[in-house]
Amino acid sequence: DFLCISLVNGFTQLRYNLGDRTVILQTLQKVHANGNTWHSLSAGRIGNEGYLDLDGINVTQKASPGMNALDTHTDFFVGGVSSLNLVNPMAIENEPTGFTGCIREIVINNRELKLTVTDPKGGANVGDCDGTDCGYTVCKNNGTCQVENSGFSCSCPKEWTGTTCEQSIHCSQNMCRSQALCIPQPSSFSYTCVCALGWTGKYCDNKIKFYIAKFVGNSYIKYTDPFYGKRDLQYSRLSLNFTTNQTEGLIAWMGKSEDEDNDFLAIGLANGTLKVVINLGERISVPLMHSKYFSCSDGRWHFTTVVQNQTCIKVYLDEELILFEDIDPQRKYTALNYGGICYFGGFEIGRKVNIVTTGLFQKEFIGKIKDVVLFQDSKKIQLMKAEGYNIYDGSSGN
């Protein structure tokens, strides 16, 4: 399998093969090879249907029914490859040669690659395209960069300030304490403080302890499992108590959630019903939905446990076994390589649940969570000692 974007006789070409045949798409217009025109290119596939867009002019091709997954476990190359014999002969029209020119802002599956000296895994013969200290996006938020003897300076739009226009003027004199995040509110010429775990109050200066975590919709907890290296990942288990009156929400996500290939075990609500999704390495497995008309969004406490025994999944709700399924009788992947990371209620501020979970869950969780136990541990995990924001003490009032 491969997916390749190349320049062919002045045109941009996308070629991909999902295991059965090679699909070729070519742009209608040529690129300007004058060395000073930036082009915007968007290319990819949804299932087996490919698309290629150069500067807003779109070309699509619906492939005949067949394979629809791209099975590649190799490095991702930009501008060339370490050895030309790595290139599949069908991936390009002519003899393979490296790209000469400039590339910036590469976004793959909604994540931007950092094109720096240190971030890529490797490379050779790559220089700075701009040649000055005013590289791409040095000045944030549409600031303009000027080259100066000492380096550069940024001229910022009126709503922004700081050396690289990184700070909102509404947050420049903020009073947020205890590592809180300042979120600008331009409409009211003000800001709000989003408190780190263990703090509350308008300026996050009141210390709190909690055993029941209350989530309000832009809250999350990210827990790093200290025993991850000793776990038997073929036999995972997650149990917790939750209460909510919302019909949608992500309750828990075991997994790194850095890209679509990461393994995960997820628990949440869809239409008021418990929904569990597990991916052991073969992209997304079929979501498991509780079939009975039983609402979990009734404001009562519910106890759920998900047990993964290789590819067999059991889901318990209020001590009753509600789902039991073998998600892959072939036993191709049997371990939940979740990276020791567990999210509760949502993801980091700015990362929307519906985007990170590719629509598996629609919203952040609003409600309370307590008594979280991983695997067969004798102790509940201490949510207080994790990373997180906007978490309240769920034991006081509603």
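The backbone N, Cα and C atoms fix where each Cβ goes, and this holds for glycine too.
Bear in mind that TrEMBL entries carry predicted annotations, made automatically and left uncurated.
The annotation domain 'Laminin G' is assigned in TrEMBL to 1-129 (among others). For the domain 'Laminin G' (1-129), the mean pLDDT of the prediction comes to 85.
Taken from TrEMBL, the feature disulfide bond covers C102-C129 (among others).
Residues or ranges marked as domain 'EGF-like' in TrEMBL: 130-166 (among others).
TrEMBL lists C156-C165 (among others) with the feature disulfide bond. Non-local neighbourhood of C156 (disulfide bond): C139, N141, G143, G162, C165, each in the same chain, at least six residues away, with C-beta under 8 Å from its C-beta.
Feature annotation from TrEMBL assigns domain 'EGF-like' to 167-205 (among others).
If you look up TrEMBL, you'll see C176-C193 (among others) marked as disulfide bond. In sequence order, N174, M175, C176, R177, A180, L181, C182, I183, K202, Y203, C204 make up the list of same-chain residues 6 or more apart from C193 (disulfide bond) whose Cβ falls under 8 Å from its Cβ.
The Cβ neighbour count for C204 (disulfide bond), using a 10 Å radius and every protein chain shown, is 23. Taken from TrEMBL, the feature disulfide bond covers C195-C204 (among others).
Among the features that TrEMBL reports, domain 'Laminin G' is placed at 210-398 (among others).
Taking Cβ pairs closer than 8 Å, the domain 'EGF-like' (130-166) reaches residues 104-105, 172, 184, 186 in its own chain, all 6 or more past its ends. Cβ neighbour counts within 10 Å, taken over all protein chains shown, single out C195 as the most crowded of the disulfide-bonded residues C102, C129, C165, C195. C195 (disulfide bond) is 42 Å away from C102 (disulfide bond) when you measure Cα to Cα.
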